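Take a look at the structure set out below.
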Amino acid sequence: DQVLHIVPETFQQVQYLQLLYSTLMLDLWKPLLPEDIRAGEDLHVRIPAPLVQEVKDSLDQHMISYRVLIPDVQKLVDQSMPRERSSHRQVSGGYVYTEYHPMEEIYQWMTQIQKNNSELVTQHFLGKTFENQTMYYLQISQPSNNTKKIIWMDCGIHAREWISPAFCQWFVKEILQNYKSDPKISRFLQNLDLYVLPVLNIDGYIYSWENDRLWRKNRSPYGNGTCYGTDLNRNFNSSWGSAGVSFNCSSDVFCGSGPESEPETRAVAQFIRSKKSDILCYLTIHSYGQLILTPYGSTTKPPSNNEELIKVAQEAAAALTGKYGTSYRVGSTASILYSNSGSSRDWVHTIGIPFSYTFELRDTGTHGFVLPANQIQPTCEETM
Amino acid sequence: ELPPSHFPASRAAAVAVGYLRYLRGGPGRGLDLRALRRARRQDIDDVGHNYYLELELEDILDKDRTVNCTAEVLYHLGSKTSAPDVQVTLQGELWSTEEADKEFYNRIRSLEKELVAENIPDSHGRVPPELEPIRLLAWAASGYVIWQNSTENTKFHLAQVKHVKQVKRSDEDLQFDYVVLLHEMVSQELLPWEVTLLWHPQRGARVARDRRQPRHA
């Protein structure tokens with residue numbers, strides 16, 4: 001719905017607007033009564049969304065100029081009222097998934113999630129960060145006699161991409177809220193286990209809350225503490241150091257002192273190596289760009305199962321677009337974005353895991369990394 | 001012919017959008033790229049690479065308002081110091097922002113204390129409504145910087161307005177001294193940039209001064 005601001009210039013225009021008001025039953029905000037519409041005076045009227053284009057076309061036809069006073073009435077309403085929390089209560093006692101949360105609250109959330117859903121969820125130690133924070137992943141697994149294949153998803157490898165951990169939390173909530181009622185999800189869980197790492201780069205994430213919102217790397221010191229941070233997504237052992245990196249610590253794509261030089265990288269790599277024969281699909285969530293990226297970044301030579309990788313990604317992108325019309329591009333990092341080496345997604349594929357994707361969530365640069373919290377819900381819903 | 005989803009075309013599109021934001025942006029008009037429909041590249045011997053683009057743009061304040069345009073972006077050969085040449089042709093008229101511009105102009109001129117603000121949007125992506133025009137002028141200012149500093153190996157977006165200060169002038173222009181953070185996609189760097197923007201309802205936006213902020217540890 002939109003609110004338009006119109007200043008009718010002639011009596012004919014006033015009459016026309018009065019007619020429009022009564023035929024379409026519009027909502028007059030100023031003046032309150034149609035008989036008080038006057039030439040030369042401000043008119044504010046709310047137009048329901050389905051009629052907006054028609055009304056604008058009609059105004060244009062009648063040479064009546066207008067300005068959009070409020071482009072989205074619902075948005076303004078939502079901003080002034082806190083959202084209902086009750087639907088999330090069962091899953092984890094009132095946690096608000098439509099806000100960004102600092103690391104401390106995410107730790108508490110993980111504990112609560114396991115407590116409230118202990119038949120399905122277990123929290124596991126993965127490793128420690130440079131600053132000695134504990135990395136946990138959640139395992140969502142339906143008890144069964146057969147061993148199941150694994151889908152791994154990690155979020156927050158880059159600190160400033162806040163929508164990414166927000167998505168991991170949303171994802172867990174959605175699965176747990178709906179696995180009994182949604183046949184697709186329950187069939188899913190009969191055959192697959194989900195492993196979710198809500199924040200991979202914990203030190204960096206905390207730093208982006210407390211010091212620098214646009215920090216990207218981890219927080220390990222180099223050069224005798226004169227410089228901080230390795231880009232964890234350049235630190236994996238896939239053509240390490242060969243493309244799209246810097247060997248200078250002050251760069252945002254510094255690849256570290258060697259492959260897997262960083263504790264966070266090692267924690268993930270060791271785990272994935274140990275489970276590699278059971279992992280079917282690896283997903284790593286980033287922002288921004290609205291992309292589903294396939295291997296590789298360091299070369300344009302396609303991976304062996306490229307056709308299948310692309311086909312699946314295109315179907316995912318189509319399903320995503322179907323929700324709110326958000327368009328995603330699909331392709332290899334090297335062709336869509338830039339050259340890079342040492343990414344987790346590429347490394348995972350080279351050790352034999354067939355499906356490996358990087359998601360770059362909303363948006364395409366309008367807000368970039370500082371995506372407004374009111375986009376968390378639509379972003380997560382479409383990505384689900 | 002280039003695939004519009006691949007990076008060479010999308011980098012050129014970002015330059016065209018920056019240029020257009022500078023030329024036609026204002027406190028009441030923010031232009032965003034909705035879609036890159038088509039792209040072609042022509043290599044001109046001894047001159048450079050010319051990209052021919054078909055774009056669809058939308059109004060950030062009213063997503064139903066769109067306009068199509070064609071653009072040409074010529075990156076000069078081997079030049080690190082000269083800006084790409086850009087030409088944009090709009091297919092249709094841009095909507096008028098005359099009233100919003102006038103209102104904003106009068107509001108700022110009547111301020112007793114010079115406007116100062118920081119972190120637009122804030123960490124959670126919020127922009128207070130009264131600062132939206134300031135943010136859109138930052139798009140115009142950074143559009144200029146992006147146009148002037150782009151190469152085929154860069155893709156810039158405005159990440160955040162770090163700081164803005166209004167400077168009252170004796171002539172009729174409004175002046176805003178910005179520090180903007182530009183995100184460069186290929187290197188992933190955040191570049192702080194100082195830009196002084198002048199704006200007037202009839203004369204539009206002009207960058208008076210700009211420089212990359214020197215790095216501190």
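Cβ from N, Cα, C; glycine included.
A:E360 (active site, proton donor/acceptor) carries a strand DSSP state (E or B). Taking the Cβ of A:E360 (active site, proton donor/acceptor) as centre and 10 Å as the limit, one finds 22 other Cβ atoms among all the protein chains shown. The annotation active site, proton donor/acceptor is assigned in TrEMBL to A:E360.
Mean model confidence of the domain 'Peptidase M14' (A:99-384) amounts to 95 (pLDDT, 0 to 100 scale). Sequence annotations record features per position, and here TrEMBL assigns domain 'Peptidase M14' to A:99-384.
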